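**Q** Before I ask anything, here is the structure I am working with.
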Amino acid sequence: MPALEVNPDLQKERNTATFDPHEFSVYWAGGEDRYKEKKALEKLFLEDPALKDDLPTSYMSHKELYENSLRKACLIGEKIRKLRADGEDGVDTYNALLGGSLGAALLKEGNPLSLHYVMFVPTIMGQGTMDQQVEWLPKAWDCEIIGTYAQTELGHGTFLRGLETRADYDASTQEFVINTPSRSAYKWWPGGLGHTANHAVVVAQLYTKGEFRGLAPFIVQLRDLETHQPMKGIDIGDIGTKLGMKGVNNGYLGLKNVRVPLNNMLMKNQQVLPDGTYVAPKNSVLTYGTMMFVRCALIRDTAYSLSKASTIATRYSAVRRQSPIDPNQPEPQIMDHTTQQLKLFPQIAKAIVFKTTGDSIWSMYNVLSGEIELGNLNRLPEMHALSCCLKAICSADATAGVETCRLSCGGHGYMDCSNFPTIYGMTTAVCTYEGENTVMLLQTARYLVKVYGQALNGEQLVPTVAYINEAIKLQEFVNFDGSLESIVKAFQFVAANKVRVAYEQLEVRRKQGHGVEVSANLSGPFLTSAADLHGRAFLAQSAYTELTQVAKHVSPALADVLKVVLELYLVDACLNRIGDFLRFINLTDKDVTNLETRLESCLNRLRPNAVALVDSFDLHDRVLDSALGAYDGNVYERIFESTKKNPLNKEPVNAAFHKYLKPFMKANL
């Protein structure tokens, strides 16, 4: 499509913005150096014609889509190899290509090699001994072998103790014999497993000397390195089409008497000696490492999803004109409708908050990883609990936000060329993988009720739950003045009381004679609600701390906009949980009315800078891949242009007319 002039309505929005979008783009990228690296990566990958699709993926068959995805994944892999050779393959490069916006631009439906980098390699690094890392990592980094991570089964997912895959140690040969004893034991869902990977980290129930030892990870060769044929005892394939992530090549795996050497069990945390003696891990929570790493990364991924969706919807809302507000005036931009602003602007704010919080959590994870290496596990349970609930909340909110943005674009948002269907499919998947969201909240809640009991006994809690100590002392929240700091404190007080209620519900069930597990099941709604509020209190605190700090180091013009973003996020978050606030805090009708008035004020104040803000996300048109959200704003031209790529329109009369429709029409003549 030839270059077009920018839509005048969109250009007007940019001309009247009160801040410099480039300044925010640099901050969003992580600083000037990372911004330049981002631009260099985009030039290297997005300008390569071999990585462009002439035919939209929605018109490809499942087989064609996989083959095209693997072709491009290998081209990307070759470029990564070159970057590694030049010493330019930092963590940000892998984040951008495997989980970030750049990767989504290159492989719209996901990368069949992503789990190799995101799970296979990190698992070897986190759970392999030094000798095992020396043996396996060079081959994995150079892609001499391609791996995946096989944990989830057809019959079991998040409940790991229920996994059926079994590994029995044979001391006579110093091998493990691995089996999936039933159909439900088949490994199901691992990315790249279907037809791409030739190795996998297989998680199985370990037995030595006839005794059950718990879960253990094993490196298993799945396919011959030359012919790619499945190895003896391996039953493997692709699980089929899905709602989204259609190019990831998710697979199934059955194992029948598959033997792997003793040293193929990753033994950094637990060991099996040649005679079958089992050496238990010093701490069972050490196995949280890889999952926690991925969940921390996913928080930032949800921010990218929201940034894409809100960019498309906001630009479209600046171009689309409909439904006069004043019957005597022309049709306005639909972004002038307050109801449209209420759909869009909170999603922009959430994208920014989730990104800043994700960066903060990533830093916390890196500090914790260093502490773990030194044997300090004190804050591991805290970090596990936090990463679980934030993964659940951010993915759920991002999924809902993407759908809200789609709905805000009316019928055009339903078209594939809007890219909302793909963005939604990729985002909602995060609600399930790496821990189903309800289970994640329950894991957080288990930690919360435990520390609540400690607080009742007078113990001082770690920083992210220290607000519980304060709430127990206060008993009652006073002086809610509507300030941002007051809203944050109120969130913490409400969260503490939700934890209290969950704790008390468990105690009631126990006194009724129920065991721990049954009590937890009966109290499930209270537990998940407590974990949800804990995570939202953390997001509120993080938003306030991080954005207030950022505002001190940017231009006054950008600082003013970020202050509105912060206020919008906190006020909207408060009103979305107003029932809980009213339950635990003596808010008056006037207090709630003031919050609603402030929400309207935030929308009004953000309106002049909405387009500039989403421009600041600095999303290349290839990343957005949307007729509705392109930088030039020529929505209708691009929608019509998309129809020219439709294979049905390549001929004026489809063969089905002569084969079916014409005979049907003539049947009674």
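Just so it is clear, glycine is given a Cβ too, placed from its N, Cα and C backbone atoms.
Note that the coordinates shown come from a computational prediction; the quantities given were computed from them, not determined experimentally.
TrEMBL lists these features:
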DOMAIN    20-146  domain 'Acyl-coenzyme A oxidase N-terminal'
DOMAIN    149-258  domain 'Acyl-CoA oxidase/dehydrogenase middle'
BINDING   T152, G191  FAD binding site
DOMAIN    288-449  domain 'Acyl-CoA oxidase C-alpha1'
ACT_SITE  E434  active site, proton acceptor
DOMAIN    484-666  domain 'Acyl-CoA oxidase C-terminal'
**Q** Between G191 (FAD binding site) and E434 (active site, proton acceptor), find the distance joining the two CA atoms and give it rounded to the nearest Å.
**A** 12
**Q** Are there any residues in the same chain, six or more apart in sequence, whose C-beta is under 8 angstroms from the C-beta of the residue listed as 'active site, proton acceptor', and if so which?
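**A** In sequence order, the residues whose Cβ lies under 8 Å from that of the residue listed as 'active site, proton acceptor' (at least 6 apart) are M291, V294, R295, L298, K391.
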**Q** Using Cβ atoms only, which residues of the same chain lie under 8 Å from T152 (FAD binding site) while being at least 6 residues apart in sequence?
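**A** T152 (FAD binding site) has long-range Cβ partners K187, W188, W189, P190.
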**Q** DSSP helix, strand and coil counts for the domain 'Acyl-CoA oxidase/dehydrogenase middle' (149-258)?
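**A** Each residue of the domain 'Acyl-CoA oxidase/dehydrogenase middle' (149-258) counted once, the result is 6 helix, 49 strand, 55 coil.
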**Q** Test of understanding: give the count of other CB atoms lying within 10 angstroms of the CB of G191 (FAD binding site).
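**A** Cβ-Cβ neighbours of G191 (FAD binding site) within 10 Å number 26.
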